Amino acid sequence: MTAPSQVLKIRRPDDWHLHLRDGDMLKTVVPYTSEIYGRAIVMPNLAPPVTTVEAAVAYRQRILDAVPAGHDFTPLMTCYLTDSLDPNELERGFNEAVFTAAKLYPANATTNSSHGVTSIDAIMPVLERMEKIGMPLLVHGEVTHADIDIFDREARFIESVMEPLRQRLTALKVVFEHITTKDAADYVRDGNERLAATITPQHLMFNRNHMLVGGVRPHLYCLPILKRNIHQQALRELVTSGFNRVFLGTDSAPHARHRKESSCGCAGCFNAPTALGSYATVFEEMNALQHFEAFCSVNGPQFYGLPVNDTFIELVREEQQVAESIALTDDTLVPFLAGETVRWSVKQ
């Protein structure tokens, strides 16, 4: 006789860092998020980036048009910060509940970030306005100087950009997104109530050995890049400790297969279909399932000053195999953990 499956019921989660792209890709990937999550912070790094209220409103509508009937999902829009952004435009979007937050990409740090910020001084009037109105700043925390090793970019960002910024604007709410190092985990843990972080499933489950030993695995390649195991362990300990200023942010970032499996492949893991079960696996491995719901469904809304979702979902603990690929116009998408057997999945 087969033992009954273990079921884990939690308040509906939110994804506080998500890439949905646009066009056919958007239509393909939105349902994988909207069937599970109540809300998601949608990244603005389209081409061209989302820098105006009108662009955000139009993008939000394209997202909503792709949400299947029966899914109750709210996209939370963000503004892409540039050196030339008008603070008045940002404040208008925030006051009209179009922009939930603004995103700081250092120029050329990741996909479609060539329009990003060249220096903090260049956007200081914008940041001062954000501090004044209580608008959160979302930060891709890596320096991009050519002489700095890719594995050191996050730690160097803390000392050269993040800490001086927070010393200068002490009331600014900051989310240090997709942190990947012990340095960042310690920095956020030791910070005040105006500093929080998101962490992806891939940075909790894997380290750079998994990506590079025995062959290059392009579908584990993302930015910030996977680090050594001591950093992975620090992240696992932070999220499963019950610390309340770290929350779910998948950084799900879809690219067509041919753009990942190439001589110069794109960075990003399409983890929306498998992320929640992956997080549950980590919490179970760390004997910390009692903190799982807070990480997924409570800590984020608390930091943003939003209500928690009033519906619930269930995860079931039974082995399931992840699809090898997902159909996309003229190509396919390879999901995170493609072809692998996973322990936890969302109950349908």
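Glycine is no exception: its Cβ is also placed from the backbone N, Cα and C atoms.
Taken straight from Swiss-Prot:
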{"type": "BINDING", "residues": "HIS17, HIS19, LYS103, ASP251", "note": "Zn(2+) 1 binding site"}
{"type": "BINDING", "residues": "HIS19, LEU20, ARG21, ASN45, HIS140, LEU223, HIS255, ALA267", "note": "substrate binding site"}
{"type": "BINDING", "residues": "LYS103, HIS140, HIS178", "note": "Zn(2+) 2 binding site"}
{"type": "MOD_RES", "residues": "LYS103", "note": "N6-carboxylysine"}
{"type": "ACT_SITE", "residues": "ASP251", "note": "active site"}
- Compare the C-alpha of LYS103 (Zn(2+) 1 binding site) with the C-alpha of each of the binding-site residues LEU20, ARG21, HIS178, LEU223, HIS255, and give the closest one. HIS178
- Item | Cβ neighbours of ASN45 (substrate binding site) where a neighbour is any other Cβ within 10 Å | 22
- Using all protein chains in view, find how many other C-beta atoms are within 10 Å of the C-beta of LYS103 (Zn(2+) 1 binding site). 27
- May I ask for the distance between HIS19 (Zn(2+) 1 binding site) and HIS140 (substrate binding site), taken between their Cα atoms and rounded to an integer number of Å? 13
- By a simple count, how many Cβ atoms lie within 10 Å of the Cβ of ARG21 (substrate binding site), its own Cβ left out? 22
- Would you please pick out, from the binding-site residues LEU223, ALA267, the one with the fewest other Cβ atoms within 10 Å of its Cβ? ALA267
- Item | Candidates HIS17, LEU223, ALA267 (binding-site residues) with Cα within 10 Å of HIS178 (Zn(2+) 2 binding site) | HIS17, LEU223
